[in-house]
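Structure first, then comments.
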Amino acid sequence: MSSNPSSVEKKLLHYTGKAIADFNMIRHGDRVMVCLSGGKDSFTLLTILNQLRIKSGNKFEIFAFTLDQAQPGWNDACLRQWLAEKSIPHEILTRDTYSIVKEKIPEGKTYCSLCSRLRRGIIYRYAEENGFNKIALGHHRDDLIRTLMMSILYNGDIRSMPPKLLSDNKKHIVIRPLCYVQEKDIITFASEQAFPIIPCNLCGSQENLMRKKVASLIDQLAIENPKVPSNMLHALQSLKPSQLMDQNFWNFKNLEDGLETAQSVQCEEVFNAQEFEFEDEKI
């Protein structure tokens, strides 16, 4: 920890440490691979985790992993120098996913989905081959609530980015220690630390990404009610299945069985859902 940490640094240490404790993200002896993209979020994550590692008495390891996806203009010289100065173990691995994305995705379409899928596969494989049992990503509070809003508006489901995730193949635990941290605090901290930010030119060239629209919408709502972002984060931790419509989580069809006056006899349904089906129906 810095000898005289700034107020925002103290705030980051507090909320990151709280998230780690709340969700048991890091245990004694864990080998944590921090995905360092070169952006403000991942630089902040690595810096704060390194300070917490020292604070813990080195009860866990951290390793910085950077994937060079062969994007035009990529220059990691400053990144390498920064990592060397911090004495943080690291590797910068080059894999040309850029050419694949440009070939597969038509001009004008968003690259994010394919790009992230390719990147995720490489990250998982590297972690497994090198014995890292935790993979740390730099998503913050605002990423979580924007993803929630995007899922509702554009995908028609309720999901976000969990603070701790077991991968589908059951081989990896992914953690998001910055899940309580506000983006504005990361911006302030990144400026204080003068991180050698490497911009993502691939994504930055697409001005009409859905995420930017949703971020703008949330910002507008927060002007009228500053509690909107924190309320959205709280909503992710306060699901009430009985107040929603998902029959996988609440037995709406047989609620009558819970009545104090419920009869033990099986009652026949008046209608069958198949009677009202239409082809390609979507309410």
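Each residue, glycine too, has its Cβ placed from N, Cα and C.
Since this is a predicted model, take the numbers as computed values, not measurements.
Residues or ranges marked as motif 'PP-loop motif' by Swiss-Prot: 37-42. Long-range Cβ contacts of the motif 'PP-loop motif' (37-42) within its own chain (Cβ-Cβ under 8 Å, at least 6 residues beyond either end) map to 66-67, 76, 79, 137-140, 143, 178, 183, 186-187, 190, 195-200.
The feature [4Fe-4S] cluster binding site is assigned by Swiss-Prot to C112, C115, C203, with sequence analysis given as support. The 10 Å shell around the Cβ of C112 ([4Fe-4S] cluster binding site) contains 16 further Cβ atoms across the protein chains shown.
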Give me the mean pLDDT over the motif 'PP-loop motif' (37-42), rounded to a whole number.
-> 96
